[in-house]
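A.B. asks: TrEMBL feature annotations, pasted as is:
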COILED    76-169  coiled coil
DOMAIN    1-58  domain 'CS'
REPEAT    340-373  repeat 'TPR'
């Protein structure tokens with residue numbers, strides 16, 4: 001167990017109970033110099049800074065004051081060197097973190113652009129298919145209309161021919177019809193030839209009316225069924241059932257817990273776990289129970305606002321973010337991060353509701369708290385471009 005201390009002019013080896021100390025004749029390169037210990041021997045390899053012959057290994061005939069000064073100076077230089085190395089390591093570490101963060105941001109931006117391009121391609125594809133489908137419907141309707149017009153024209157021609165035939169038959173009366181005309185009529189039920197002709201030309205009686213019963217299957221999913229949305233509907237129904245199961249499990253679990261465990265913090269942790277797994281409905285229910293127990297914790301409203309954003313409950317997200325900002329008073333450095341999140345989440349909800357002016361105000365409020373946040377600054381700039389574009393279009 002040896003302790004070796006070496007600088008440019010000072011060398012010390014401490015192996016209790018022995019101590020070796022040497023104030024060197026000239027400076028050495030303490031970085032490249034080495035020391036090997038074994039079998040009770042210390043073997044030094046010292047490299048001179050300047051080439052030349054030394055008169056001796058150590059500085060001889062020096063006063064005690066000079067020796068003390070050299071010792072203290074060696075210790076100070078060692079401390080300064082260690083401090084510089086520590087600072088250099090910190091700077092290197094910060095540069096590595098900065099590089100990693102920039103690389104991550106670039107990757108996320110590239111992924112976001114890729115997803116947007118895919119969405120745009122899908123939208124264009126669906127638009128083209130819809131236009132083709134509309135054109136096909138128009139062609140089918142036109143064909144049906146032409147067929148109906150042809151049928152109507154044929155029916156009209158047939159009716160005209162029938163009327164002509166009847167007129168021809170009635171224009172040349174036979175002997176029997178003449179006899180019937182000359183016969184006297186009796187009673188109220190008698191009628192003339194003209195009334196008989198009218199009876200023959202009367203239209204058939206209308207059909208009897210009736211009702212048709214139609215039974216509709218109740219829909220659980222709020223939108224109409226489409227083949228392209230079947231997977232999403234099944235996933236939504238699965239999450240609904242899972243949320244109900246977790247709510248019931250949470251309630252029974254709360255009954256079985258001890259009194260000290262029935263607190264909002266436990267429910268908040270439960271909601272955080274559900275949010276991390278993507279079960280946002282269960283997380284909302286956990287936060288709801290926590291709010292019932294304690295409605296003065298801003299983090300509960302802040303976390304619930306994040307869940308509502310994921311579920312597209314935008315108005316509820318705005319309400320929870322506003323409530324969190326009310327509770328985060330007075331504004332102090334400890335709640336800066338929470339206030340930034342509240343402003344950003346409320347601004348995001350406003351923008352998704354196409355209320356871009358209100359959303360920009362919240363993003364600018366977040367930038368006042370954290371002016372070095374590049375992500376918020378980029379999002380605010382995008383909102384400004386959207387507002388300028390809408391103004392120009394109007």
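Cβ atoms are placed via backbone N, Cα and C, with glycine included.
Curation does not apply to TrEMBL; its annotations are automatic.
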A.B. asks: What same-chain residues lie close to the repeat 'TPR' (340-373): Cβ under 8 Å, and 6 or more beyond its ends?
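C.D. replies: Sequence-remote neighbours of the repeat 'TPR' (340-373) are 298, 302, 305-306, 308-309, 312, 314-315, 317-318, 321-322, 324-325, 328, 331, 379-380, 383-384, 386-387, 390.
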A.B. asks: Could you count the residues of the repeat 'TPR' (340-373) that DSSP puts in helix, in strand and in coil?
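C.D. replies: Its residues fall into 27 helix, 0 strand, 7 coil.
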A.B. asks: Take the domain 'CS' (1-58) and count its residues per DSSP category (helix H/G/I, strand E/B, coil), listing them in that order.
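C.D. replies: Looking at the domain 'CS' (1-58) with DSSP, the answer is 0 helix, 30 strand, 28 coil.
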